[in-house]
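What TrEMBL records for this protein:
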- B:D117: active site (ACT_SITE)
- B:E182: active site, proton acceptor (ACT_SITE)
- B:H115, B:D148, B:D211: Mn(2+) 2 binding site (BINDING)
- B:D148, B:E183, B:H460: Mn(2+) 1 binding site (BINDING)
- B:223-381: domain 'Peptidase M20 dimerisation' (DOMAIN)
- B:H243: site 'Important for catalytic activity' (SITE)
Number of protein chains: 2
Amino acid sequence: MLLHLSSSSSSTSLPSSTVLDPLFLYIDEHQNEFVQRLREWVAVKSDSNDHTLWGEIHKILNMTANRIQEMGGQVEFADIGTQKLSNGESVALPPVLLAQFERDPNKPTLCIYGHVDVQPAKKEDGWSTDPYSLTEINGNLYGRGATDNKGPVLAWLHALETYKASKQEVPVNLKFVIEGMEEVGSDGLDELTRQRNESFFSDVDYIVISDNVWVSKRPALTYGTRGSSYFFVEVEGPKLDLHSGVFGGSVHEPMTDVITLLGSLLDHTGKILVPGIYESVAPLTEEERKLYKDIHFDMEEMKNNIGVKSFLQDNKEEILMSRWRYPSLSIHGIEGAFSDPGSKTVIPRRVIGKFSLRQVPNMDPAVVERQVKEHLQEVFAKQKSPNNLKVMATVGAKPWVANLNNPEYIAGRKAVKVVFGVEPELIREGSTIPIANNFQEVTGKRVMMLPIGGHDDGEHSQNEKISRYNFIQGTKLFVAFFYELSKLQKDQ
Amino acid sequence: MLLHLSSSSSSTSLPSSTVLDPLFLYIDEHQNEFVQRLREWVAVKSDSNDHTLWGEIHKILNMTANRIQEMGGQVEFADIGTQKLSNGESVALPPVLLAQFERDPNKPTLCIYGHVDVQPAKKEDGWSTDPYSLTEINGNLYGRGATDNKGPVLAWLHALETYKASKQEVPVNLKFVIEGMEEVGSDGLDELTRQRNESFFSDVDYIVISDNVWVSKRPALTYGTRGSSYFFVEVEGPKLDLHSGVFGGSVHEPMTDVITLLGSLLDHTGKILVPGIYESVAPLTEEERKLYKDIHFDMEEMKNNIGVKSFLQDNKEEILMSRWRYPSLSIHGIEGAFSDPGSKTVIPRRVIGKFSLRQVPNMDPAVVERQVKEHLQEVFAKQKSPNNLKVMATVGAKPWVANLNNPEYIAGRKAVKVVFGVEPELIREGSTIPIANNFQEVTGKRVMMLPIGGHDDGEHSQNEKISRYNFIQGTKLFVAFFYELSKLQKDQ
């Protein structure tokens, strides 16, 4: 991982300010138009969770396509098949929008991924404003999709518009992959990527994703995400639920087994007790350790935000590492047991404990699955229970990590410096964003995550927002990123 | 506990067959009328869970009262106050029916408790027949309330009718306490018992309850029930649910704490690990141990019925003792955790583990509560968790045990012998029947449980039934019980 970034770029081209200053001026002067366009986009209720609203997804995809076509791009609505609804009916999935512009072989080709569907939102869920009516309060633009992910998608389009309107040559070849099913698991996208790997993706140099947020008030580049496996530990006993008064004390209760199994997974420090689980975790290098020093993470502020008295670790670096670069295990609940308010005295016949294990490089989900299953089977054997144990796992996604020495990260760092005047924080995501790893695995292309959303944007929550500052400076960041990426190529 | 029952009753009165045979004949000859009356009672949808059906409870209470009045009894509908519904509305509870007959100071006074409300039942829950239309198939009378508890209440009334119709003097003074809210917790009954302790209950010698079932195909007398306390272990952490990807590994998760707490309660043999919990359990005497030998409990049949491969104990005596005379602990579930199907990756902010502890003589619920709380607090302290622990307990009921030497049990054993030709099984209930202990605690009177329902009657289940055999022989049992109780008194 590179840490020393040459600060003098010995370019033969014009000084960056000559190129970028007029572009930035254009953005500042047109910011109200950009916000207005975001307002129009937010007004489209493209909630992918509700298939009766998929018409709205078609609408926003068309709006996106029109904008791209107006700027000279070619668009294709790629069919990704159908989905079976719970009533048995099959419905066509909203297509994925693939777009490209005339290609200059001397420029690097950047493929931008984004999505225009949103999470559900209703005023009565606790929104202070109408979620589908973008509302500016104290410099923040509140509305569903403002930061996730309509704002960033628009910022990319506005960055392109800025070059075009300013009669400046766009310094990179651009492609777009814009989908409408991200919030429900990106149905069909992986398959489409595979299908188009030899065509659409073949001349792509970089794939960039702007679908996450910073970790503090400072801009950030994201170079890693954790993977995830979800485990179901099912213990089945009697053929019917039993009365705990009548049978309590005489039968092996499935709940006792499941509680023991779940209780064997981790200790009070959060350490995972599954033998071998830490074996393939990438060792922490001195270089990587230093990365964590520079991150502005306010432990006290975070404690207040989430309302905890302490973390499992007692300093910033260890907290961040435990979230980003070490595996973790969380127990989520038990299906089949009594979960309502009140005091039912049932012995449930069949219960399913549920937990997930976040994985990091270089853990292999298949090995993890085997280790967890063996561990649980061993613990269960000691229970001498006549009940049946079944352990099932689903792999959500593999962990992903990028090399910070890659040109896209160097360009990103330079662009951040130009726009914000500071070095970006180099961060990871503790959560799982399958798209980054999926693109990288299928296409073999370099993938980067370049967020412009603020750390307090509240994706998926009530009162989602993007600040006007982040939306407009983010547009500048993308403009500068195009420039730095192409300059880097020329400099090489 | 007495085990040697004098088999020769040196009575100066008539031989029992002289008295009882004509009565038994009357019962046999009128059995179809008795079944028809049960059919009329079952047709009344007196489901106390549904307050819109409380009119039906009034109806069946009136039917009961009319029957008693026809036989010369005096009835009173005792007001037991109101209940607040979830919508805030207050509704008057169905009254408790108190009834008595002219009193002869030379006869023992027996107070019969029963209830005429039922559990909910719908054909579509899986009933083979209409639950409110008594249907006879292969000698079984299927219908909601057939065994719990309309059948037994009617059997008492029919026993009285038998004496009256046969122009024989009823050998005991009878009182009745018939309620309509048993299935929802006998609201107000305890308070009413307290209020009438110096009046209605003052001249009562024995209280008899016929609201449980046998444990095998053989008749039984029940001399004990377990008590129960319900525990809520609440752990509260962050002020909002957290994303396990973002925060997993850095925060003390309430679920980890609760799983550890629940996991500390019992070992894989079912032994409760709370220190001191077994200290006050009444020691097992050799005499008591012998009681278990005579009980017809078919381990293999029970295994098949409930679908388990084995019990925690490997012989009949120990299985029954673990269900009846030793405490047990069952973990029922967790409120606040993820309990639906699927794979949500939430870190719940607040979870409540729920378990109950069945208590036996001479455990004191207050001591048990203290022991459990101290144990959980100690385990939690070792977790070094910054989360908040709250342990709450509700005492359902105290355990109850009767002395088998008491006259009512001796009379019961004789009556069983007369009607069924065998010694009754002397059994307990593992489950908690608060009514027995409550009556005993408040009134100080001798309480007895005298079941006539079969072990496979399926109280609270689909296809609840009582067999015609049990219903009719049960009526004879009650007739004989009146006789034996009075004879015992005369003999003394």
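All positions are counted from 1 along the displayed chain.
Positions of Cβ are set from backbone N, Cα and C atoms, glycine also.
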**Complete:** Under a three-state DSSP reduction, the secondary structure at B:H243 (site 'Important for catalytic activity') is strand
**Item:** Members of the recorded positions set B:H115, B:D117, B:E182, B:H243 whose C-beta sits under 8 angstroms from chain A
**Value:** B:H243
**Asked** Within 10 Å of B:D117 (active site), Cα to Cα, which of the binding-site residues B:E183, B:D211, B:H460 are there?
**Response** B:E183
**Request:** Starting from B:H115 (Mn(2+) 2 binding site), work out which of the recorded positions listed here (B:E182, B:E183, B:H243, B:H460) have their Cα within 10 Å, and give them in sequence order.
**Result:** B:E182, B:E183
**Prompt:** Using a Cβ-Cβ cut-off under 8 angstroms and a sequence gap of six or more, which residues of the chain neighbour B:H460 (Mn(2+) 1 binding site)?
**Reply:** B:Q119, B:D148
**Item:** Additional residues surrounding Mn(2+) 1, by Cβ distance to the B:D148, B:E183, B:H460 centre under 8 Å
**Value:** B:V118, B:Q119, B:G145, B:N149, B:E182, B:E459, B:E464
**Fill in**
Same-chain shell around Mn(2+) 2 excluding B:H115, B:D148, B:D211, C-beta within 8 angstroms of the CB centroid, reads B:G114, B:N149, B:P152, B:V153, B:E182, B:E183, B:E459
**Message:** For a quick check of understanding: among the recorded positions B:H115, B:H243, which residue's Cβ has the most other Cβ atoms within 10 Å?
**Reply:** B:H115
**Fill in**
Between the C-alpha atoms of B:D211 (Mn(2+) 2 binding site) and B:E183 (Mn(2+) 1 binding site), the distance in angstrom, to the nearest integer, is 11
**Request:** Report, as a single number, how many Cβ atoms besides its own are within 10 Å of the Cβ of B:D148 (Mn(2+) 2 binding site).
**Result:** 25
**Message:** Using a 10 Å cut-off on Cβ-Cβ distances across all protein chains shown, tell me which of the recorded positions (B:D117, B:E183) has the largest neighbour count.
**Reply:** B:D117
**Asked** Just the number: how many Å between the Cα atoms of B:E183 (Mn(2+) 1 binding site) and B:H243 (site 'Important for catalytic activity')?
**Response** 42
**Complete:** Rounded to a whole number of Å, the separation of the Cα atoms of B:H243 (site 'Important for catalytic activity') and B:E182 (active site, proton acceptor) comes to 45
**Request:** Please work out the mean pLDDT for the residues of the domain 'Peptidase M20 dimerisation' (B:223-381).
**Result:** 95
